[in-house]
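As annotated by Swiss-Prot, SUMO2 cross-link applies to LYS7, LYS16, LYS17, LYS23, LYS37, LYS39, LYS45, LYS46, with the evidence given as similarity to another entry. Among the features that Swiss-Prot reports, SUMO1 cross-link is placed at LYS7, LYS25. Look at Swiss-Prot and you will find 20-97 tagged as domain 'Ubiquitin-like', backed by sequence analysis. Annotated phosphoserine per Swiss-Prot: SER2, SER9, SER32, in sequence order, evidence recorded as similarity to another entry. Look at Swiss-Prot and you will find SER2 tagged as N-acetylserine. Taken from Swiss-Prot, the feature site 'Interaction with PIAS2' applies to PHE36.
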Amino acid sequence: MSDQEAKPSTEDLGDKKEGEYIKLKVIGQDSSEIHFKVKMTTHLKKLKESYCQRQGVPMNSLRFLFEGQRIADNHTPKELGMEEEDVIEVYQEQTGGHSNV
């Protein structure tokens, strides 16, 4: 397959609308999965807000990673090279680095 976006074949035309959206899996530390369908050009802040709302936690208490890199609010799936069924990992944000013992 090539990455060229020349004239779409008839096969591609049927999938064109579907191609604007991708399904992403968001997996929490407890291995729970939530699936999201997002536009390739949507800022991932919307996905992060939606996930946090479903989990009932503030957005700043979690960090979202794609392929080991932190996802910024203004990133889009297109910018990050995301594809169908890609996985976003969610971890508790850790603050501090020492104990007071």
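Each residue's number is its place along the chain shown, starting with 1.
Glycine residues also receive a Cβ, built from the backbone N, Cα and C atoms like all the rest.
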Of LYS25, LYS37, LYS39, LYS45, LYS46 (the recorded sites), the residue whose Cβ has the fewest other Cβ atoms within 10 Å: LYS37
Among LYS25, LYS45, LYS46, which are recorded as recorded sites, the nearest neighbour of PHE36 (site 'Interaction with PIAS2') by Cα: LYS25
Cβ-Cβ neighbours of PHE36 (site 'Interaction with PIAS2') (radius 10 Å): 17
Model confidence over the domain 'Ubiquitin-like' (20-97) (mean pLDDT, whole number): 95
Collapsed DSSP category at SER32 (phosphoserine): coil
Candidate recorded positions SER32, LYS39, LYS45, LYS46, pick with smallest Cα gap to LYS23 (SUMO2 cross-link): LYS39
Integer Å distance between the CA atoms belonging to LYS25 (SUMO1 cross-link) and LYS37 (SUMO2 cross-link): 9
